[in-house]
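So TrEMBL lists the following for this protein:
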TRANSMEM  34-55  transmembrane segment
TRANSMEM  92-109  transmembrane segment
TRANSMEM  115-134  transmembrane segment
TRANSMEM  171-194  transmembrane segment
TRANSMEM  206-226  transmembrane segment
TRANSMEM  259-276  transmembrane segment
REGION    301-331  region 'Disordered'
COMPBIAS  308-320  compositional bias 'Basic residues'
TRANSMEM  403-422  transmembrane segment
TRANSMEM  442-464  transmembrane segment
Amino acid sequence: MALVRAVNREYAILRFYRKFINFEYVKYLIFDPAALPIIAIFILLFELMLNVFVIEKVPYTEIDWKAYMQECEGFLNGTTNYALLKGDTGPLVYPAGFVYIYSILYYVTSRGQNIHLAQYIFGVIYLLQLWLVLRLYSKSRKVPPYVLIISAFTSYRIHSIYVLRLFNDPIAILFLYASLNLFVDRYWFWGSIFYSLGWLKTIQQLFVCAVVQLILGAPFLFTYPIEYLKSSFDMGRVFDHKWTVNYRFLPKPIFENKYFHLTLLVMHLLMLFMFVKPTMTYFQNYARLRELEKQFQPQLDKQNTKIRQTKPKKSKKSRSSKQQLESKDELTRDQQAFIKSFEKSLQRTSGLKEHKKIDPEERLGQQNLAIHFDQCTQLALTPFFITNFIGVVFARSLHYQFYVWYFHSLPYLAWSTPYSLGTRYLLLGLIEFCWNTYPSTYFSSVILHLCHFVLLAGLGYNVYKTLYQSNTSQRQQDEKTNESLNQLNSSISLEKTKKKNN
């Protein structure tokens, strides 16, 4: 008996070694997006150690934290007039949600004095947001793990914004990614609430966002509504040319010119309008695929249950693997055709090669039949990331803390273009270089705009190419359907004619 246990143990070790300790598995972990859930654990653990090291070893730099505390202190003392809520860096210009969140931080950090504790709180915020980001990437299977490893560990600016500067932007982005995770999990109501807290699918979601903003702003709207709306939603706010990252090459008079601001706004709206049709198509197809998931998943679950209950034996009397997979609940030919088409289309969009076919006996050994329906989250994430990116491209000014607005979506956007791997790396590297250049220069600002426009052009090309292919495929399908109907009608007419002649 002891000998049998020893043999089984040795066999298990050998099987583990053959499966995981080999070059193919290492390649899988580095290059295959399907391995990201595993790699994400190591990314988060390393980031935990890295953030602790940065907090303990790199000096903190005071920029806005003290001003945030002063603004919240005025509110906590009973002032609801936004015109009177000010700090060392100027008046309060953020909506009510900011006031509530930083009021909590005010008390937790001993009236803002315990900055070391605040840094660790922002370190937790960073890790939580990174987990939400990696969860979306894991579902979409769009980007290889090594790209996310490089982008996460090499950005000095991002770590500085979170744990060395304590800006408010990371908190807003945390709510944004929380809402995206809720959206792809189809929690539309809660997703809308978090989306509203951070910055849409139906009128209902827009209504929820509006209600949330009204509830949060109620104490200010009921007392000093004009001051609140003017300060927290000031569309005419003029940014300081000293801190601009993207328009250093412009003279200050042009940078502050209202007509220049209006031009950017018009260009922003025009670009959004250009992406309206693809965005709607993506969302519609995403909704359809989720509905199909509801139909397929129960059948797949039944098949998996049967496979687990069936233990194939290598004997002449035993049923073959093919026979074991056949049943009354087997997927129809149309359903199988859809699955094949769905998997191929997602392989094209993710840039992955088609996986080798699995032998039925091997599939039975794996005891798992599955379709990664979550990969269709690409159809939901792409519109969100593109519209957010358009806002960054046509922003009146970008300050260093604004990098968090789109940093974590850049790998996804780069891998949504038709460019070569070298071009994608170059774009990401140059954008990182521009944001790490302090103070910004004419050269860094121009390069940042060029990278943005090249990336936007690639996104537009791919999106419209996908839309064209989708329309072409639909047209061909309609033609085949019409042809089949015509043949059916012809055969029916011929049959009727024969009957009359008889």
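Just so you know, glycine gets a Cβ as well, placed from its N, Cα and C.
Note: TrEMBL annotation is automatic and uncurated.
Let's see these features in context: how buried, what's close, how far.
Here the transmembrane segment (34-55) has Cβ contacts under 8 Å with residues 28, 116, 119-120, 123, 126-127, 130-131, 134-135, 137-138, 141, 145, 148-149, 152-153, 159, 162-164, 372 of the same chain, all six or more residues outside its ends.
Counting residues 6+ beyond its ends, the transmembrane segment (92-109) has Cβ neighbours under 8 Å at 68-69, 71-73, 75-76, 82, 85-86, 115, 117-118, 121, 168, 171, 197, 213, 216-217, 219-220, 228, 231-234, 237 in the same chain.
For the transmembrane segment (115-134), the residues of the chain that approach it from at least six positions outside its boundaries are 36, 40, 43-44, 47-48, 51-52, 55, 60, 65, 105, 108-109, 148, 152, 159, 162-164, 166, 170-171, 173-174, 177-178, 180-181, 408, judged by C-beta separation under 8 angstroms.
Remote same-chain partners of the transmembrane segment (442-464), defined as residues 6 or more beyond its termini with a Cβ less than 8 Å from a stretch Cβ, comprise 244-249, 271, 274-275, 278, 382, 386, 389-390, 392-393, 398, 413-414, 416-419, 427, 430-431, 433-435.
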Can you name the far-off residues of the same chain, 6+ from the ends of the transmembrane segment (403-422), with a Cβ under 8 Å from a Cβ of it?
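For the transmembrane segment (403-422), the list is 129-130, 133, 137, 140, 142-143, 147-148, 151, 155, 157-158, 161-162, 167, 169-170, 173, 177, 245, 349-351, 381-382, 385-386, 388-389, 391-392, 428, 431, 435, 455, 458-459, 461-463, 465.
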